[in-house]
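Below is one structure; the comments refer to it alone.
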Amino acid sequence: MEEGMNVLHDFGIQSTHYLQVNYQDSQDWFILVSVIADLRNAFYVLFPIWFHLQEAVGIKLLWVAVIGDWLNLVFKWILFGQRPYWWVLDTDYYSNTSVPLIKQFPVTCETGPGSPSGHAMGTAGVYYVMVTSTLSIFQGKIKPTYRFRCLNVILWLGFWAVQLNVCLSRIYLAAHFPHQVVAGVLSGIAVAETFSHIHSIYNASLKKYFLITFFLFSFAIGFYLLLKGLGVDLLWTLEKAQRWCEQPEWVHIDTTPFASLLKNLGTLFGLGLALNSSMYRESCKGKLSKWLPFRLSSIVASLVLLHVFDSLKPPSQVELVFYVLSFCKSAVVPLASVSVIPYCLAQVLGQPHKKSL
């Protein structure tokens, strides 16, 4: 088993080395792709846009992103996946030959296990939702039929082009092995396809959001404590990252498994608070919500304010404080874009709109 994994890892190292040597000019592109593929952009950019254009799509997108990343965390704890940037330096596989030279970058040194790839899984799930939802919206509305078929082909080609670039980016940056990004893409699609058959998420009560958030948190902590009780160190990757990352400042606490868990659960709970708030009912369920300028204003205001909000980083000196603030910060994102911002805009635009009617 170990020998087989060593061969698989060596293939990944050779792939990374090949990309870094032959595509040096593409370094900035691969870094950009990796940054864009970060799940944070699904919360801060894609969710506000889709929610105010097609509310149901926005809700499903966020659920797929959160549950997908939660499952990614559980998978990583089970699979114990290595990462190329530390494995190539830590293994004795190359004891009888020269160690391949692998470059590291500021976005390389993530601290969690490597399998499956979170970037690939998140991107696949989120973009699968967007493609299938877009096709569902335009199905029967675009005639003749061949135009819809052209749209279908274009969107799916775009989808796979995005997945290919994300996968190559993660391999190039020595953050993942090839088999890890493939597993991420397949897992992300599976999560998104599953949620296409779950309709209860669109009218879930605040109690249901609370119970699901509590269950996800309790399961993750319970699973962590169980494995720890069995002698399994689930934070083994943090030591690897701190030991083998070229620059200590490239190791960030916000890439640890618990940071990801708290951010995702905060986002889901914040969505529940927002969708069950009076501000949401007054602004997004009234006649004004059908007015295109109101929707566009909500999108623009959300993107601007969330961009400013994203620049505020919780202090990381004390881990517990960092995790609590990360949860609260993530909860504010959907709360602001779904209820607070539309409500404030409704107060400003409501009276002129009524007069025009």
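Cβ atoms are placed via backbone N, Cα and C, with glycine included.
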Record feature N-linked glycosylation site (Swiss-Prot), assigned residue among Asn96, Asn203: Asn96
Topological domain name match (Swiss-Prot): Asp90 vs Gln317, membrane: yes
For Arg83 (substrate binding site): DSSP state (helix, strand, coil): coil
Same-chain residues near the topological domain 'Cytoplasmic' (139-147), Cβ under 8 Å, at least 6 residues beyond its ends: none
Whether the transmembrane segment (255-275) meets the transmembrane segment (180-202): three or more C-beta pairs under 8 angstroms: no
For Asn96 (N-linked glycosylation site), the number of other Cβ atoms found within 10 Å of its own Cβ: 6
